[in-house]
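Data block below; observations after.
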Amino acid sequence: MADTLEESEPLLSRARGGSGRDCPRGVLTCSSVQESPGAAARRDLCLDQAVVLIEDAIQYRSINHRMDARSLWLYRWYYSSSSQWILSFTIFLILALAFVETPSSLTRTSDVRYRPAPWEPPCGLTEGVEALCLLVFVADVSVKSYLIGWAQFRRNPWLLAYLVVLLASLLDWTVSLSLVCQEDAGQDRERLTYFFNLPEALTTLLVLLTTANNPDVMIPVYSRNRAYAIFFIAFTLIGSLFLMNLMTAIIYNQFRGYLMMSLQTSLLRRRLGTRAAYEVLSSVTAEGEAHPKRLGVKPEDFLQVLQKVQLDSDHKQAIAEKLHSRGDGLLSTDEFQKLFYEFDKRVIKEHPPRPEYQSPFLRSTQFLFGHHYFDYLGNLMALGNLVTICVFLVLDAHVLPKDRDDFVLGILNCIFILYYLLEMLLKVFSLGLQGYLSYSSNVFDGLLTIVLLVLEISTLAEYGFPHRGWKPATLGLLSLWDMTRLVNVLIVFRFLRIIPSMQLMSLVASTILDLIKNMRAFGGILVVIYYVFAIIGISLFQGVIVAPRNSSLASVNGSAPCGSFEQLEYWPNNFDDFAAALVTLWDVMIVNNWQVFLDAFRRYAGPWSEVYFVLWWLVSSVIWVNLFLALILENFLHKWDRRSHLQSFTQELEDTSEMTQELPFRDVLEEPTEEELVEKLSRHPHLQLCR
């Protein structure tokens, strides 16, 4: 560990030999800018470098990219919201082409018995859109390769894979255009001739491993001798209950190790970006002093950089307030780093103060209806409303809608809705309008209350007050039957307000919300594997499921074996277009009756089709689903273990911030050392930090 003086001195300073004469010739530094010899230009460049480095730290991006003025402008433009939106839209557009390209998914149904001829795009339409998308991707990979340099590009496997896929796509686009959109549909039929049959027992046991065909496969032999049940029970215990759960444990363990490594890398990138920004800004301080005694970052320079950083105003305000609270003087390394601990929090505005009333009666009323016990009363009323709805739905389960008498339920709904309105008004009185709207639960309750009130007023205006024999009309856009059902559904949703009041349910709800926030990577993986397998499935099985003629449809369904593809009428599950392929893959991933798909495609397409479905089962049900389960377990168990230990800390965070993806695992993450940061900065390919 370097001494205190060295820690506070930037690697670019003269005290560390940063005059620029020690750097390799041609290397850009803040102290030696060839194209901008003026001090003002050097200062602006250093500030721009600090801005980019801080943004890299915020977004966990690598700082190994070009740092000259033009490259910094291009880098910020590339990561701007508009550029990233264009890139995201291009990705969405080229993926959506699969629904329009031949075979088109633009039909009302995928059932081969009733499906009309789909609309086929004219030749060159989808190819033209694909060409525009590929041009965007070519520009994307070109900009990336330029910004990070060829040396870094060659060491990045993801960018190399990106380039390979892009070249393959360009080749495929060229071939498609050269064939003038005409392809020989029959040249691939020879695959059915050369495929050999897989052992039937292997397929049966594989399906049994998922318990999808249990006890169907056991019944024929079990009916002859009950001793045969021992084999199937033992196989299910060993395979399904032991081996598959062991597989889940292995995947969970590997996932946790990868998760911790990924979070550790993200933390290192954040610390490295902020430390690099400190070094660049401290070199600006060194430029203005001939013999600096103690170097650091000027607060005014940091504030100037902070205004340019792409960061929300709440974070900027929190960092600026923390900077002003420390007083004047240069920022040391530790002080500079502590300012960016605010990145680990998602700032939430404090609740506005409650209104002050002069009357003692009003103050007492405000205290009474602003107390959390009043929320408990509201939860109890919501529960009572839900119970009444369930009771009447059960009592009227066997009564036709036209014969129902909704007099009692209509009266009760009016009473409950009036209470919800009164509760909302009393809370606005106690908390003030701004204070009421500052709570998300109140916004949720208020919106539902207003919608319920509008529906109830519309019902009363259209059909009058509830009375004996108040039978709902079932026709029309605003039929009383539909409006009553909508009110009941909204009341059920309003009952979700009790979730924050129950500790266990609140824990479950927070886990679900965290999963939704962090599902981008998992959702991307799912989209990729679905997309790849759907395209392969269309290539292999398009048109193999042939519908029987209308005259023989009833006879086919009647003569087909029980539980077969034909008897169950699974005709919409096919690979004739992209949308149908996605639904078929989803049905197989659920593994309920997936042996029906194995049997049908084995008969229609050949025995080797089972390999495709088994691979899909391994990738989707075994690997991806277990990864998703591992994410749920890791998130929930961590919250469960720390809920009592961090109860007071969590309450504090709820008033000021929300935890980011790193903070829940901060106790197991290691802060990078000074030597590690300096060593990595010294090896930066485009920002030479000279000693």
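Every residue, even glycine, has its Cβ placed from backbone N, Cα and C.
Predicted, not measured: the structure shown is a model, and the values here were computed from it.
Residues or ranges marked as domain 'Ion transport' in TrEMBL: 189-255, 372-636. What TrEMBL lists as region 'Disordered' is 1-21. Taken from TrEMBL, the feature transmembrane segment applies to 77-100, 159-180, 192-209, 229-252, 373-395, 407-426, 447-466, 521-545, 611-633.
For the transmembrane segment (77-100), same-chain residues at least 6 beyond its ends with a Cβ under 8 Å from one of its own Cβ atoms are 55, 59, 61, 106, 121, 126, 129-130, 132-134, 136-137, 140, 143-144, 147, 310, 527, 531, 534-535, 577-579.
Non-local neighbours of the transmembrane segment (159-180) in the same chain are 123-124, 127, 130-131, 134, 137-138, 141, 144-145, 153; each lies 6+ residues outside the stretch with a CB under 8 Å from one of its CB atoms. Looking only at the domain 'Ion transport' (189-255), the predicted model's pLDDT averages out at 72.
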